[in-house]
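Novice: I have a structure here, written as structure tokens, and I will follow up with some questions on it.
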Amino acid sequence: MPAPVSSIKIIALAAIGILIVVFAILLAVFHNDLLAIAMPIAERIAKLPMSFLIALVLIAASSIPPLLGQDPLALLIGAVWGLNVGFWTVVCGIFIGETIAFMAYRYFLEQKAQEFREHHEEHYGTFVKIVEEGSYPLIWLIRLSFLPTHFTTVFFATLPELSYIGWAIAFWLSCFKYLVPVYAGYCIVHNKSSAANIVGIVLSIVVTLGTLAFLIVRYKAIKNSTLEDSTNSTSDVLNHLESQPTDSIDLRHLEQTSEQNETDNSERKHLLSHQH
């Protein structure tokens, strides 16, 4: 017997969380190989005037769905442009890119936003309730985690209750999370092994898994509550019908049957009289 759709979706969400963690671990393990490939190109770009603007445009573009690559680019920017310039380049670039995505889906891509709602129709309303319950603290926590922003930004854009200002405040209050990949790139180039970087990665993973677990738990609770309410409503209707007096129902049925029989008999008599 196939698993319920809700269970499949929950398993899918858990799988996404695991993939994010695996990606973060692989990035931490193979960052040297990635930098060895990309560093020569990045160093040539860094020699150009106002080169950080090129990096800003690249990471802004990677923040607009369906393009990818925020974390590797942030790592590279930290390695080439350093901790200070690199961090603000990454944060401003991502903010610009995600602002474009937010505004586009809210005001210019209404059909796409509607398709997004319809594609996730079965579960969209549930997640809206979760966000409404958690309000801005939950929005901030989702922003702070490393859940895919290509999904969360589009989701937030489809919520009329969430203003752009509210979303922007949540972004800036959580932007320090981008220190993790930028500082990792900076440490690699300067041959530093910092405990702070390891702590940052671990905290990011913990926050992401914690947020994902909270969303799954609340999702199941709201789904079960909705199912229970629906069951109770159906039971109330059945109880109401059962409470109706059966005598009056049977009497009406007998009266209708009697009237029908009288009509049939009169028609037969009429036909017989014509035959004679």
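Glycine is no exception: its Cβ is also placed from the backbone N, Cα and C atoms.
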Novice: By the record in Swiss-Prot, which of Asn191, Asn224 is the one labelled N-linked glycosylation site?
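Specialist: Per Swiss-Prot, the residue annotated as N-linked glycosylation site is Asn191.
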Novice: Tell me whether Ile130 and Arg218 fall on the same side of the membrane, as recorded in Swiss-Prot.
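Specialist: In Swiss-Prot, Ile130 shares its side of the membrane with Arg218.
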Novice: Specify the count of other C-beta atoms within 10 Å of the C-beta of Asn191 (N-linked glycosylation site).
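Specialist: So the number of other Cβ atoms within 10 Å of Asn191 (N-linked glycosylation site) is 6.
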